[in-house]
Amino acid sequence: MTAQQKVNLLGLSRPQMEEFFLTMGEKKFRAQQVLKWIHHHQADSFEQMTDVGKALRQKLSEVAEIRGPKVTHESISRDGTRKWVFEMDNGGAVETVFIPDGRRGTLCVSSQVGCAVDCSFCSTGKQGFQRDMTSAEIIGQVWQASRAFGPRRNLGQHPITNVVMMGMGEPLLNYDKVLTAMRIMKDDLGYGIGKKRITVSTSGVIPKMNQLSEDLDVSLAVSLHAPNDELRNQLVPLNRKYPLKDLMAACKRYSKNITHRHNTITMEYVMLRDVNDKPEHARQLVKLLNGIPVKVNLIPFNPFPHAGYERSRKNDILEFHKYLNDNGVMTTVRTTRGDDIDAACGQLVGQVKDRTRRSERWKESIFHRTEQTDDNTAQTQ
């Protein structure tokens, strides 16, 4: 059996790992042993698994592997932010960012090689789209970051306390693989991260938002960026498929469905000078969010070459922030981190092959796939 045919155990959730061992004729408890070695001790070889018999280790080496994405570059910012560039098997690359903040350590994870949602202010979208990432490649970013920080002996003794699916790509357009990876993050045999500390950021793929609230009610962030459809159509093209009225209704449903105590949805709003930062935009935003438990996170735009946008003036950001808070909308201003290593929000680019043609094909497929999802949902109702 070639290396390409081997099962990569890094990307298997607990039920999948148990099924794998059952098909080998082994007991289910072997799954627990191997999961701990992989995710608690960051093992990359079966020979490291000293409580697994030699015969089984040999058998595993013939049919399986533990293989994460390859680290090709690491940068450390003056503020302590760390960025890794990971090479994919096909030659593309993605970027992953770790942001330390006191006792909290947040890992920003990518879900696709590139992105075809093509938000006009985001450098990732400018790079085009190549493919979805596998569950092993997604959880492999957490695994590799954990290896960089050293082995974890017990839960709670690890600098990664939070994970945000806010790296390259639209997570809900790679739903199944992202879901598997998040289940591994949440599992005590994986990384033991509570569901309220795992956040999925979406540009508004409504059918998958509805499904996520039923499958794994993690925290949700919505890339909003505009208070009306006309402007959001320009900034976030997916809005043409899922307009704000439908998106706000989906947010209300999600908030009602999640079971953990913190059911507030984060609304991400990048501040673009003279584009979406005027007083009338603040007034429209308050009206739009009325009745939805939200927190607005204002994000000063992080420039990149040929962006076509500028960061809002500091005073405009402060006035926008004040108006929202004064009118009952909890609002914060995100502190820019890692901009000196191009690790700030909207700056991740990685490396994508055949950018233009792949991106155009994927944009078409987004609308085709979401239409199919809508049709399937209608048939089941």
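Glycine too: its Cβ is placed from the backbone N, Cα and C atoms.
Lifted from Swiss-Prot, the feature list:
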type	residues	note
ACT_SITE	E95	active site, proton acceptor
DOMAIN	101-339	domain 'Radical SAM core'
DISULFID	C108-C345	disulfide bond
BINDING	C115, C119, C122	[4Fe-4S] cluster binding site
BINDING	G169, E170, S201, S223, L224, H225, N302	S-adenosyl-L-methionine binding site
ACT_SITE	C345	active site, S-methylcysteine intermediate
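Of all the recorded positions listed (E95, E170), E170 sits in the most crowded Cβ setting, with the most other Cβ atoms within 10 Å. The Cβ of L224 (S-adenosyl-L-methionine binding site) lies under 8 Å from the Cβ of R232, M267, E268, Y269, each on the same chain and at least six residues away in sequence.
Annotated pair C108 (disulfide bond) and G169 (S-adenosyl-L-methionine binding site), C-alpha to C-alpha distance, rounded: 12 Å.
For the domain 'Radical SAM core' (101-339), the model's average pLDDT works out to 92.
Using C122 ([4Fe-4S] cluster binding site) as the reference Cα, a 10 A cut-off selects none from the recorded positions E95, E170, S201, H225. Annotation note: C115 ([4Fe-4S] cluster binding site) sits in a coil segment as assigned by DSSP. Among the residues the record lists as binding S-adenosyl-L-methionine, namely G169, E170, S201, S223, L224, H225, N302, the two farthest apart have Cα atoms separated by 19 Å. In the structure shown, the C-beta of C122 has more C-beta neighbours within 10 angstroms than that of any other entry among the binding-site residues C119, C122. Other Cβ atoms within 10 Å of the Cβ of N302 (S-adenosyl-L-methionine binding site), summed over all protein chains shown, number 22. Comparing Cβ neighbour counts within 10 Å across the binding-site residues S201, S223, the minimum falls on S201. By the criterion of other Cβ atoms within 10 Å of the residue's own Cβ, the least surrounded of the recorded positions C108, C115 is C108. For the recorded positions E95, S201, S223, H225, N302, a Cα-Cα cutoff of 10 angstroms around C115 ([4Fe-4S] cluster binding site) retains nothing. Local packing around the binding-site residues G169, H225 was summarised as the count of other Cβ atoms within 10 Å of each Cβ; on this measure the leading residue is G169.
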